[in-house]
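Enquirer: I'd like to ask some things about the structure below.
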Amino acid sequence: MTNLIKNVKDAFNSVLSYAPTHIVQAPGRVNLIGEHTDYNDGFVLPCAINYQTVVAAAKRDDNIVRVVSVDYGNETDEFDITQEITFQENKMWSNYIRGVVKCLIDRGYEFKGADISVSGNVPQGAGLSSSAALEVVIGQTFKELYNLNISQAEIALNGQQAENEFVGCNCGIMDQMISAEGNENHAMLLDCRSLETTAVSMPEDMSVVIINSNKKRGLVDSEYNTRREQCEEAARIFGVKALRDVTIEEFNAKAHELDEMVAKRARHVITENDRTEEAAKVLASGDMKRMAVLMAESHASMRDDFEITVSEVDTLVDIVKNVIGAEGGVRMTGGGFGGCIVALVPPMLVDEVKAAVEELYEAKTGLKESIYVCQATNGAGLVL
């Protein structure tokens, strides 16, 4: 993060010609287990990772917000918070910031303008929530600058609202919530219905290894929508609000009444919720052997019942599994059809995992992976 801090300070100084008063950060995240459970009112178990979006900022006496984007060649955006805040077709990055500020105002928070420079190292397009980190860091920045009486949960909800309503991209609450509320060396069990969060301690030195398959993700939106519709259909047949409300016993008793495809989709969600709740308990107790089993079962369920993995991702999981055995867990993470795997790896096996993947993955698939070795880190807050 040191480089990011230097970059945002330097950009602030050079473009705005004075020094910032505050440095604020918000992290990206990875979901350890609980996939496609969020829109079924279920449970997820993400952790914040030490790839962040960082802001240098200072208050202004007027109502102007000026933003410098370091990652877009110090491109700037400027808007007046007392005027209508509009969507910028030709400057997509700025809409996340405009949306967050607009939603804060709509929620009744009062503040004046700000000068902001922003940069991040959360890999974009890898499903590690670079957009949520940006939304949360902007909310956090206004909280810090103006001592706003806003909870971390509301900063998260405000960011989600900005993405859904202003940017126009549907997302659940997980990404913003873990970015806003994460704890070092902890994952977070999130109940996607009540939004209740529980910090779950992780083995102190466990590495969180994220490997991007770099498989281009085709069909994601249409397949995602189909899965969602199938889950909603299953919930209707069971007469419940969401699949969260169906036990595996109830499912087994009625599975024969469901269309075979719908039954497979429902079985994944119902068993994944059970796995996620159990994973929170076994992770906290340090039982990595059981965690390894739960993550393996999650991956198999995504592959066979939810059918969202691809051969390249399955290959990556197999390569890592062969190295770590029962010492850690590995599974696909994210929406599917490409993307990343996540592995909980004891530190002494990290180099071995990297070596095996570098030796075997490209040879088997023709694709070159990207590897990120992370730790579970704190959520958004003031750095300086």
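Residue positions begin at 1 at the first shown residue.
Every residue gets a Cβ built from N, Cα and C, even glycine.
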Enquirer: Hey, Swiss-Prot has substrate bound by E35, H36, T37, D38. Any idea which of Y109, Y146, Y224 it lists too?
Expert: Y224
Enquirer: Distance between S131 (ATP binding site) and D175 (active site, proton acceptor) at the Cα atoms, whole Å?
Expert: 9
Enquirer: Just to be sure I understand the packing, how many Cβ atoms besides its own are within 10 Å of the Cβ of E163 (Mg(2+) binding site)?
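Expert: The Cβ of E163 (Mg(2+) binding site) has 24 Cβ neighbours within 10 Å.
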Enquirer: Rounded to the nearest Å, what's the C-alpha distance separating Y224 (substrate binding site) and S130 (ATP binding site)? Just drop the number here, would you?
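Expert: Distance (Cα to Cα, whole Å): 20 Å.
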Enquirer: At a 10 A cut-off on CB-CB distances, which of the binding-site residues A126, L128 has the highest count?
Expert: L128
Enquirer: Compare the C-alpha of A126 (ATP binding site) with the C-alpha of each of the binding-site residues E35, T37, E163, and give the closest one.
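Expert: Going through E35, T37, E163 one by one, the Cα closest to that of A126 (ATP binding site) is E35.
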Enquirer: To the nearest Å, how far is the Cα of L128 (ATP binding site) from the Cα of E163 (Mg(2+) binding site)?
Expert: 15
